[in-house]
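According to TrEMBL, the protein carries these features:
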- 90, 93, 130, 133: Zn(2+) binding site (BINDING)
- 105, 122: Fe cation binding site (BINDING)
Ligand SMILES: [Zn+2]
Ligand SMILES: [Zn+2]
């Protein structure tokens with residue numbers, strides 16, 4: 001029996017929901033490839049392309065925080081409902097430090113007021129090398145995460 005477009009859509013929707021759930025379950029920033037592996041290990045067979053697309057959708061919908069690792073690969077983390085935060089991320093071990101960015105939010109609000117724009121969105125990405133990594137090794141003596149490539 002041929003697979004209809006509706007069935008394909010339904011499967012895609014289900015797979016994307018599974019990716020979203022996997023991201024929720026993953027406490028740390030994760031790349032599409034890593035999430036794909038994590039899902040595979042727990043018996044969730046979803047194509048890597050689907051994982052990439054689902055993560056992009058989550059990013060666009062404002063449901064994921066995104067940073068880039070040392071080689072420019074995007075790392076994703078689920079953004080808790082209604083919580084808007086910015087982080088300083090270590091490019092080596094991915095340790096993250098939530099930032100007090102009230103001054104940024106106030107500035108954005110002022111821009112919105114003065115321009116009359118609606119649905120204004122912003123992203124703010126800060127990355128660096130944490131003190132643990134700077135002093136050799138990762139935090140708590142754990143070796144830094146090795147990025148592929
Ligand atoms: Zn670090
Ligand atoms: Zn913000």
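The backbone N, Cα and C atoms fix where each Cβ goes, and this holds for glycine too.
Just so you know, TrEMBL annotations are computer predictions that nobody has curated.
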Among 90, 133, the most crowded of the binding-site residues [Cβ within 10 Å]: 90
Annotated binding-site residues 93, 105, 122, filtered by Cβ under 6 Å to ligand 1: 93
Where the C-beta lies under 6 angstroms from ligand 2, the matching binding-site residues among 90, 93, 105, 130, 133: 105
Rounded to the nearest Å - Cα separation of residue 130 (Zn(2+) binding site) and residue 122 (Fe cation binding site): 25
Candidates 90, 93, 133 (binding-site residues) - the one closest to residue 122 (Fe cation binding site) by CA: 90
